[in-house]
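Chemist: Before I ask anything, let me first share the structure, which is written out below as structure tokens.
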């Protein structure tokens, strides 16, 4: 049971108290962000030629799969805790890295089943993901989590409940502002994209780089293991690599080089 609480301690939100009603602050922002992202996907779906209702259904599937997969992995990692406290374990408001990876595999299967082109879907979702990230960052700021490192800059803020660090970087607001700008940029790129995957590639490359840099201004969290980087930084590096691969493999210039190389080999073979 201790492992479960250790793994999810940084993801348990604070609560907004309205009389006897306690509402999770971060949960409210997460719900608002998901609704906003799904609403925006109805516009981006039309821009990539996908029926809006199909992208809506795919988004809902991804949301449900993310929560189910994360909780399924929590149960698998500590079945004794689940047998002893089933409702408590299932109620943990956590999204684990393993759960997100499993969700990605489930989404690939779903898109293949529905015959939705992966590149077009990712392009349509890229601005939506940036919008969701902006709302979640605002949620972290209001909740007082994911706080920044100490600073003497005039716009430093004091995290609620903190009596040690004093003024810190409002890194959550940095992330929110950058995510909103990225969302607008991706929408503009989507309107005149040259090939499937271009918008997603830009989102992964730029978003990953921004996330990696902002993590340096964020207070370090205790993580399992003694790795050089935090799990979030590894994910950011992975996003950068995938984005770079999309540009390398899918760009028109790369496709033209591949065609020319293939034609050259065919000519050489025929002459031989």
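Positions of Cβ are set from backbone N, Cα and C atoms, glycine also.
These numbers come from a predicted model, not from an experiment.
Copying in the features that TrEMBL gives for the protein in this structure:
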- 23-43: transmembrane segment (TRANSMEM)
- 55-75: transmembrane segment (TRANSMEM)
- 87-110: transmembrane segment (TRANSMEM)
- 122-142: transmembrane segment (TRANSMEM)
- 171-190: transmembrane segment (TRANSMEM)
- 195-214: transmembrane segment (TRANSMEM)
- 234-250: transmembrane segment (TRANSMEM)
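In terms of burial and nearby residues, how do these features look in this structure?
Modeler: Sequence-distant contacts of the transmembrane segment (122-142), counting only residues of its own chain at least 6 positions beyond either end whose CB sits under 8 Å from a CB of the stretch, comprise 25-26, 28-30, 32-34, 36-38, 40-41, 44-45, 47-48, 50, 55, 59, 170, 172-173, 175-177, 179-180, 182-183, 186-187, 190, 193, 196-200, 202-204, 207.
Within the same chain, residues 48, 117, 119-120, 122-123, 125-127, 129-130, 133, 171, 174-175, 178-179, 182, 185-186, 189, 232-233, 235-240, 242-244, 246-247, 250-252, 255 sit at least 6 positions outside the transmembrane segment (195-214) and bring their C-beta atoms closer than 8 Å to a C-beta of that stretch.
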Chemist: Going along the chain, which residues at least six beyond the ends of the transmembrane segment (55-75) come within the CB cut-off of under 8 Å?
Modeler: 4, 7-8, 34, 37-38, 41-42, 44-45, 82, 89-90, 92, 94-96, 98-100, 102-103, 106-107, 110-111, 114, 116, 121, 124-125, 128
